[in-house]
Each structure stands twice: as C-alpha cells, then as structure tokens.
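A short write-up of the structure that comes next.
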Amino acid sequence: MYSLARPLLFSLDAERAHALALRSIDTAYRTGTTSLLSTRPVPLPTPAFGLMFPNPVGLGAGLDKNGEHIDALLALGFGFVEIGTVTPRAQDGNPKPRMFRLPEYQAVINRMGFNNLGVDALVANVQRARRRGGLLGINIGKNKDTPNEEATSDYRYCMERVYPLADYITVNISSPNTAGLRELQEEQSLRRLISDLRETQEALGAQHGKRVPMLVKVAPDLNDRDIDAAARVLADLAVDGVIATNTTVTRPLIANHPLAAEAGGLSGAPLLGQSTLVLRRLRARLPESIPLIGVGGINSGADAVAKMAAGASLVQCYSGLVYRGPQLVGECVNAIRRRREAPSSGAVAPL
C-alpha cells in the first residue's frame with residue numbers, strides 16, 4: 001500500500017508530505033483500515049528500564065511532536081512510540097524550508113528546531129489518547145531562548161508536567177538544531193543537568209507513587225573521549241537508559257550531494273555506521289544495568305539486528321519509515337525475533 005502512496009508523498013515538499021502521511025495514518029485508524037498499511041507483528045515481549053515492551057521496535061521522537069497521533073501510530077505495530085521533543089512554551093522552530101529528502105541515499109536532513117505547541121498542549125493530547133498496544137515515551141527539551149545556564153528549569157518543568165503520563169521520559173540534549181544545545185553534553189554541564197534531573201525524578205516518584213524511567217539521548221558526533229566522559233557521568237548518576245543516537249551534522253557519505261550543504265541533522269541510511277559505533281562504545285563503557293536504545297539509519301530488518309548485536313535492548317525507526325513505510329516495523333520485529341531464536345544467525349561483524 002505504501003509503495004502506491006510514496007510517489008504522491010515524494011512529489012510534495014517534505015514537511016507537507018510528513019503532515020499528509022500523519023493524516024492518512026489517522027484516517028486509517030479511525031476507519032479501521034490500518035491493516036492495509038501494515039500487519040501488526042506477533043508480540044515479542046522485551047524487558048528494559050523496569051518496563052515490559054510488547055516488542056522491541058519503537059518510533060523515534062520527532063514524527064509526532066505534540067502527541068496528536070499516538071493511537072494511530074501504536075496501531076501500526078510499534079512496541080512503543082516516543083513523542084516530542086516538547087518544550088515548556090510553544091515555539092515555531094526554524095524558518096521553512098527545513099526538511100529535505102535525499103532519496104539517492106535514503107536519507108533526510110532536517111533543521112526543524114523543536115517546533116511544538118508546548119508541553120501543556122501535549123499533556124492534553126496524551127490525556128485524550130487510549131494508548132492501546134504499546135508504551136509511550138515523552139521526549140523533553142528546552143526553549144531556544146532559554147540560556148543553557150537556565151536549561152535545567154525548562155527540563156524540570158517539562159518533566160513535572162509529563163511525569164504522571166509517560167512510561168518513560170527522554171532528556172534531549174543532542175539535537176543539532178537548537179543553538180548551543182549540544183554543549184549540555186560536555187562533561188561538567190552534563191553532570192550538573194542530569195544530577196538535578198535525577199533529583200527531580202526521585203522527588204516526582206515519591207509524589208506520584210511510581211518511578212518513571214529517565215533516558216538521555218546523545219549525539220553521534222561525539223569523539224571517543226567525549227563518549228567515555230558521558231558514559232562516566234551517566235553511570236555515576238544511574239540514569240535508567242541511553243538513546244544512541246540523534247542526527248549528525250557531518251556529511252562524509254553524502255559530500256557530493258547538492259543538499260549536503262544544507263544546515264541541520266542528517267538521518268537515514270548514511271547515519272547507520274556512525275550511530276552504531278557510538279552505540280557499541282557506550283555499551284562497552286556502561287554497566288549492563290543501563291539499557292540502550294539504538295536509533296539511526298534503520299532501513300531494514302538487518303539494520304535493526306545490527307543495532308541489537310551492537311548492544312541495544314530496543315531500537316527506534318524514523319527516517320526509514322519515509323522510504324520503506326509502515327511495513328518496516330514488522331520486518332524489524334521479525335528479524336530480531338529470528339536473531340533471538342538463533343543468536344548466531346544474527347551476529348554481525350564489528351564495525
């Protein structure tokens with residue numbers, strides 16, 4: 001079905017196509033025709049962060065920034081959906097055009113800039129959702145006009161608002177599209193921010209009588225020394241999990257493409273190797289008590305298996321859906337199932 005719709009979507013501006021695709025998924029959900037888009041995979045229960053995921057394949061943050069399509073997206077067969085990034089106050093993001101497809105590379109460049117309706121609007125949408133069939137992650141960030149020295153207050157405010165509703169919360173400090181945000185990954189800044197948020201997490205757990213896991217999403221552009229420093233901080237502060245990785249600002253694999261000079265984060269197939277290297281290094285540096293979600297460049301079931309072999313407990317897709325459609329979800333679940341049943345058949349050589 002998606003193969004028929006893709007030419008129409010690709011004839012449109014990327015951001016308009018994004019909106020049309022979401023409306024179409026919603027329509028299919030409301031009319032009971034989601035099965036025409038994808039077949040829900042047989043469950044593959046997977047534990048992580050003290051939660052049990054129906055299957056290990058999730059939707060990465062960014063597709064549904066405001067939590068307006070949760071039920072329709074879960075119906076596609078995802079084991080979990082991550083919404084956001086959301087900020088305390090609504091903001092428009094960066095000027096358009098700000099999203100570009102690179103079909104030759106099965107890639108996307110975006111510089112959206114945390115465009116969203118604000119955390120209060122997201123909370124209202126989540127409260128209306130039925131949330132059947134999978135778990136919900138909520139990805140939080142800071143407003144672009146909030147200085148880094150005051151970033152903790154933005155993250156804390158969002159955490160307080162979404163804590164009663166989220167199955168897990170992701171702290172996004174790795175988007176390349178908010179000026180200065182990635183500086184929060186520097187060792188001392190990271191330690192201050194995550195220490196404060198861990199205290200907030202524990203206080204909210206006592207207040208609400210439940211512990212919601214807190215994950216941290218990191219960039220693929222960290223060098224080995226920075227990865228090791230981040231791993232030390234995250235292990236010291238006992239975060240619940242790490243998502244590796246966000247998009248990249250580097251362009252080595254698409255250097256000759258006319259759009260390579262566009263500012264923003266590159267995602268899709270060219271990110272697979274780089275993001276998986278970071279994932280593998282983090283797995284080697286972090287205790288097994290801190291599970292990892294592998295994201296970046298998953299365009300096939302084999303790519304999902306490569307993430308698992310590199311140390312991921314769960315995986316997320318986003319740009320791959322642009323090129324493969326919802327069938328990618330079941331393909332990834334089934335590939336991971338085969339690896340789980342016969343681990344040697346799913347092994348991959350070191351990157």
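Cβ from N, Cα, C; glycine included.
Long-range Cβ neighbours of Ser175 (active site, nucleophile) (same chain, at least 6 residues apart, Cβ-Cβ under 8 Å): Thr85, Phe114, Gly141, Leu181, Arg182, Asn246, Thr247, Gly265. Summarising the annotation, Swiss-Prot assigns active site, nucleophile to Ser175 and lists sequence analysis as the type of evidence.
Taken from Swiss-Prot, the feature FMN binding site applies to Ala61, Gly62, Leu63, Asp64, Lys65, Thr85, Asn139, Asn172, Lys217, Thr245, Gly268, Gly297, Tyr318, Ser319, supported by sequence analysis. The DSSP secondary structure for Tyr318 (FMN binding site) is coil. All protein chains included, Tyr318 (FMN binding site) registers 21 other Cβ atoms within 10 Å of its own Cβ.
The substrate binding site annotation in Swiss-Prot covers Lys65, Asn110, Arg111, Met112, Gly113, Phe114, Asn172, Asn177, Asn246, Thr247 and rests on sequence analysis. Under the DSSP three-state reduction, Asn246 (substrate binding site) is assigned to coil, being neither helix nor strand.
In sequence order, the binding-site residues near Asn139 (FMN binding site) (Cα within 10 Å of its Cα) are Asn172, drawn from Arg111, Gly113, Asn172.
Comparing Lys217 (FMN binding site) with Asn172 (substrate binding site), their Cα atoms are 5 Å apart once rounded. Looking only at Cα atoms, Ala61 (FMN binding site) sits nearest to Asn172 among the binding-site residues Arg111, Gly113, Asn172. Burial estimate for the binding-site residues (Ala61, Leu63): highest at Ala61, by number of other CB atoms within 10 Å.
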